[in-house]
Amino acid sequence: MKAQPTASHFIDGEFVEDVAGRAIDSVYPATGAIVARLHAATPQIIESAIASAEAGQKVWAAMTGAERGRILRRAADIIRARNRELSELETLDTGKPLQETLVADASSGADALEFFGAQATAINGEYIDLGGDFVYTRREPLGVCVGIGAWNYPTQIACWKAAPALACGNAMIFKPSEVTPLCALQVASILHEAGLPKGVFNVVQGYGDVGAALATHAMVDKVSLTGSVPTGRKVMATAAADIRHVTMELGGKSPLIVFDDASIEDAVGGAMLGNFYSSGQVCSNGTRVFVQKPLLDRFLERLAERTRAIRIGDPMDELVQMGPLVSKTQLEKVAGYVEIGKAEGARLVTGGDTLSLQGMEGGYFIEPTVFADVTDDMRIAREEIFGPVMSVLSFDDEEEAIARANNTEFGLSAGVFTRDLPRAHRVIAQLQAGSCWINTYNLAPVEAPFGGVKRSGVGRENSRAAIEHYTQIKSVYVATGPVDSPY
Ligand code: NAD
């Protein structure tokens, strides 16, 4: 199986190659086969992407919001029309099963382009009456924005960053993760097919050094990163030097609290969604599942039954529910955490083994894994694993659950399962997290703000809130009488 296109970058409306850059091999995680060879951006490629974005941004910002919006919405339509092809590419890039990618990736990217395409027509300032004199404000674009992506949702991340940035009149240079370089190129190509002026959305490939070169470039006005906390810390520190805008979508170790009055099937289903979807490689996953003691045994029993029934295998087979992890490195990391969990004294309820599947012996498969008897101080309960490893902890009362749930450096997400709605709202209000759910988990519609508190990040993606992060306000005082000067 070969992936196309084989050109590494998309700059100024065209695919561009420069084989002088360090090689990036795109590996299909289900087999370990190399499906494309790309090259990291050289300094010349970076400079040409910046120059093209600067020129493109001026053309783009001069267009009306309605014109910009129409192009974004047209791109959304093209993405929907090519959903299968784009979903197969997403599966090739990430190893996520087609059953998921057909409904969660290209379509989520299209949702973002559609939503922000509509918002583009309504990005306005305000009029402030001063009784004669007045002030009006203009909501202006920032200029050239850099987007840097993680590898778990390559199409969605490219669109979640591009759609609001472009709707507001910015240009964006997007650097995909070196682990999943393919999908963003298709997003760029489709945006141009939809009529985007050249230079407004450029894609350059590279490792961390290319991300750093882009994030520190003098012509860049904003950096939006989706990645780990250590990378976020570095990017934010360099942005501080030039007082550059940032949005940081970072990691998590989110709590999911299940009270003993919850619907057990829903709570188990929510916990599985929040730990096993995309082989557990989701930043907002509820990886610390706190279950109230009276429900614990029944919860674990149903969880084990349903987890053992998950169909693992060839991600291109639509009946398969779980594919491999994204890379060998990630497999080794996750398998390492399973060993750490056992050594720390957690009880392995199910899973834990890496798998060699017939015909896919080179793939990075691991069983969905549940640990019980996990305590707050264990590493598997404190550190982000980013794989299908669920830690189940038990608790007695509400106050204790809230305190333990908040006892983490992260604050991306949180969930509560209970039939007692006053309690649900009371508990959610006290949880330190940016994206929360009551009686479900991990749904992230574009209409809702998404992002974290504490070390999980700053800023918000999606919703009207994202407009704030891709514009700046100019206020203009207008005098209507003579100047009252004491001099
Ligand atoms: P990572 O931090 O290793 O890499 C993220 C991106 O940053 C990559 O494109 C990488 O090349 C680039 N990068 C690395 N060093 C850089 C530097 N010094 N300057 C600029 N760019 C640099 O993360 P990952 O392993 O790709 O992704 C997994 C992490 O992402 C997890 O922690 C996960 O929780 C997080 N994540 C967060 C969200 C969210 O929305 N909050 C979504 C998905 C993933």
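Residue 1 is the first one shown; counting continues down the chain.
Using the three backbone atoms N, Cα and C, a Cβ is placed for every residue, glycine included.
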Matching residue for the K(+) 1 site, where TrEMBL names S26, V27 - out of D93, D105, D111: D93
Candidate from C283, C436 that TrEMBL assigns to the same NAD(+) site as G149, A150, W151, K175, P176, S177, E178, G251, E384: C283
Minimum Cα separation from W151 (NAD(+) binding site), reported as the residue among recorded positions S26, D93, E249, E461 that achieves it: D93
Residue, out of the binding-site residues V27, C283, whose Cβ gathers the largest set of other Cβ atoms within 10 Å: C283
Entries of V27, E178, C283, E461 which, being recorded positions, have CA atoms within 10 angstroms of E249 (active site): C283, E461
Three-state secondary structure, D93 (K(+) 1 binding site) (per DSSP): helix
Closest of D93, G149, P176, E178 to E461 (active site, charge relay system), Cα positions, binding-site residues only: G149
Distance-selected recorded positions near ligand 1 (C-beta under 6 Å), from V27, D93, W151, E249, C283, E461: W151, E249, C283
K161 (active site, charge relay system) versus G149 (NAD(+) binding site) - Cα distance in angstrom: 9
Fewest-neighbour residue among binding-site residues, criterion Cβ within 10 Å, set D93, E178: E178
